[in-house]
């Protein structure tokens, strides 16, 4: 409801209102300007497609080629005798189904834990305002200054033998899930968003007898959908892209990244290339599906980061 | 703060008086409120404590200790002496500096240039945005291994292309002098999407009248970039530079997957060395010392950035 109202106020893209950029529109509307514009656009489109889709195309067709065809000089654009043999070989040899499943479990769990713990922490810091809250927030934010790779050693030793309870988390999903909660950026993003929700609304809920959990669930969360989307995408992408941490902590249940790298040396070239493509398909599909949200999230994250 | 809140309530209670709400009741309510608030914080606090704050302290302590047959002894600066005596240490910092510098030049200029150009287009902007960002979403290892084929000195597409254009071919990853720049190419290809989109968003926030005015003053396109675009995006540019320095100084995956630190240690980065010390040589304490050094170096960069930002803000 509220969202639609705001959208209505935003100036529409169209002929009447336009954003003046580096080169003015009058300049582009001259005959020479038009020719220049269309040439530049064509070059940009061809170049960008070549640079960013070209490798993917090469990967996809490479899987259909034989190994000799793959490395032939000069390169062949399309396989002469396309065969799916390399793909099935890659699927089996890599254990792709298992790798994919592991990665999905890690990413899904990380998402769930981050949503539960980061949201409730941010809610508490923003609206319940506990004693020492500002100190805790400061300590969390300070951890953003620490480069992740520098802390890998003590983190690894910690998950081998968790303090007080002495659990060994190695090779369990917990070792991926729990550390992702310690994400100051998420807490910060969420807290800032919650800060912008008027307190009157929460007070009204409290007068109506709603406890903090109910207020969070019924009022704060429904209003926070955009930011929850952003945090969710960050959470999934981070697990999806991580390499060093899963490499050392879950060697028995590898992620897609680690598994593909481990198997890379022992595979025929065309099978490996086919495997790389198979490994990329889920992300490409997911990305094309969610690209609008991802782009929106990126600008929020980038500008406020 | 909550204490202040509690006493405030207390005060209210006594002033309103009438004895119906004794002071301790307000205090208990404040305590209950705090308890509830901390219950909401609990999960995240435990995770931060276990996986960030405790490891931080532990790393510093570890770096002054050595473990021999289960016996932990204090060795003072021994680990630091050991790591700095290793010629690989200085080489790794040199390599990392080279990568960071190159990645900054390419990874900084390329996305900014792409963003400026794309921002001028009235058509296909969405398509171009998707294209640039696509590699960022691929599983990194898939993107990185792909370049192993392109960069093969024998049959690789890059060399074939160079040969076709009658340009000198390169050994790419196989030679000591070109291995690191090759990694920069891979890393730029796979990561430039993020920066490009952030810059695009920033460019779209620049008020058009500034360009209008600059044009009326007779500024050429390049001058408009220099006097309008760059000053207007200065904040986001410097922030991205800072983030990029911190990110590229931690480069590991590319080197691990593509070159294994070689040839002749020319792509062994600091994080790679840290990984080797811990998981190949089993010297966790020396690795911890290296981690602390890394923390200090990056803290220096952050400090420099903050000082520059402050000074920039005063102008």
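Backbone N, Cα and C atoms are what each Cβ position is placed from, and that goes for glycine too.
TrEMBL: automatically predicted annotations, no manual curation.
Going by TrEMBL, these are the annotated features:
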REGION    B:1-20  region 'Disordered'
TRANSMEM  B:35-54  transmembrane segment
DOMAIN    B:93-305  domain 'ABC transmembrane type-1'
TRANSMEM  B:99-118  transmembrane segment
TRANSMEM  B:130-151  transmembrane segment
TRANSMEM  B:179-202  transmembrane segment
TRANSMEM  B:235-253  transmembrane segment
TRANSMEM  B:287-308  transmembrane segment
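Counting Cβ pairs under 8 Å to the transmembrane segment (B:235-253), the top-ranked stretch among B:35-54, B:99-118, B:130-151, B:287-308 is B:99-118. A Cβ distance under 8 Å defines the sequence-distant neighbours of the transmembrane segment (B:99-118), meaning residues of its chain 6+ beyond its ends; these are 125, 128-129, 132, 180-181, 183-185, 187-188, 191-193, 195-197, 199-200, 203, 225, 229, 237, 240-241, 244-245, 248-249, 251, 269. Sequence-distant contacts of the transmembrane segment (B:287-308), counting only residues of its own chain at least 6 positions beyond either end whose CB sits under 8 Å from a CB of the stretch, comprise 59-60, 62-63, 79-80, 82-83, 89, 238, 242, 245-246, 249, 270-271, 273-275, 277-278. Sequence-distant contacts of the transmembrane segment (B:130-151), counting only residues of its own chain at least 6 positions beyond either end whose CB sits under 8 Å from a CB of the stretch, comprise 111, 114, 118, 157-158, 172-173, 182, 185-186, 189-194, 196-197, 253-254, 257-258.
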